[in-house]
Structures are given as structure tokens and as C-alpha cells.
Amino acid sequence: MQAIKCVVVGDGAVGKTCLLISYTTNAFPGEYIPTVFDNYSANVMVDGKPINLGLWDTAGQEDYDRLRPLSYPQTDVFLICFSIISPSSFENVNGKWHPEICHHAPNVPIILVGTKLDMREDKETQDRLKEKKLYPISYEQGLAKMKEINAVKYLECSALTQKGLKTVFDEAIRAVINPPLSKKKKSSGGCNIL
């Protein structure tokens, strides 16, 4: 059985841990949400192939900047997460997360993930952002960012409703077991030296 290591990165509070808990338990976490989810291993079938998927959570806060890269060696695929309702987390995709991954783990495929999809149409959330002259991140903006950082895919999901959640992990596995043909020739990764 092929083993795949998937590491999840992104700003604090974008929903990385909820994403992992919701996916692995089929339930949104209750009151207590840990800073970092314990590493988790699941046997899944994707495209008829049995896969042992190892999921690694990371802490997004700056306090962990020196420790976080210790989980990067031997990673097969990264999920860079941002919250659809947090423009600053979206900016940090290429302000922080993409450069960090390229430095520590070049040539590893990246999936860009917009979290909190259920909140994009939430009136209260929209009003709170508008007060700061901000708006939720659109699907088109996510696609543009995917191309900018040379990610394999851009996906959106909600850990709360589970919409798009399984697809995120299925596509992460596919990025490893069926790398896109155009990338096979060059490299399988999402890092370009500029």
C-alpha cells in the first residue's frame, strides 16, 4: 500500500485543524479545538488504489516558525490553506507559506485550499469585512493565486458543512499518484526560482 504524507499549512485560525478533524471524524469539532491536531493516518481508496494517508497539522502562528519546518521532510503533498473570509490569510499564501515551502521542500506538489466556504455568503461576515473595506475572496481570485504559486489545484471547502472536504484530500492524493503530465516533464512541484 502506498503511503502519502500530506502536510497542512496556513495562517493561524484559518481552519486547518477543523478541516482535519471534520475529515477524519465526519464531524465538526465542538467547543475545544486544539492548536495542532495529532498526526493521523487513514487507509483510503482513491481511483481504485489503496492509500495510507498520513495527515500532519501545523501551527500557523509566528511562535512556531522555527519548529514548523521540522515536519516538512519527506512530505509528498502540501495543502496551503487560507480562509475565504480573511484577506490577510490569502495575502500570506505568497507572502509567507509558498516561500517557506519552496525553501524547505522544493518540487513537492501544492494544493491551494480556501476554507470556511460556508461563510462567503454570510451577511454578518460580509458586513464586518465591508466596514474595513474588505471582501471575501472569490473563486476567481483563488484560481489566479493557484496559477501565481504554480499549485496543482485550487479547491474550496467547508469543515462545518463538509462541502468539498473529501475532494480536497482525494485531489491531494491524486497530485501524488497521478502528477499532471505537464509537471512530470519539468518537476512535480510548485516552486519556481524567480
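The backbone N, Cα and C atoms fix where each Cβ goes, glycine too.
Positions annotated as GTP binding site by Swiss-Prot, on the basis of similarity to another entry: 10-17, 57-61, 115-118. Just so you know, the Cβ of G10 (GTP binding site) picks up 27 other Cβ atoms within 10 Å once every protein chain is counted.
Feature annotation from Swiss-Prot assigns S-geranylgeranyl cysteine to C191; the stated evidence is similarity to another entry.
Residues annotated as cysteine methyl ester in Swiss-Prot, with similarity to another entry given as evidence: C191.
Taken from Swiss-Prot, the feature motif 'Effector region' covers 32-40. Note on the motif 'Effector region' (32-40): mean pLDDT across this stretch is 72.
Each of the binding-site residues A13, T58, Q61 was assessed for Cβ neighbours inside 10 Å, and the highest tally belongs to T58.
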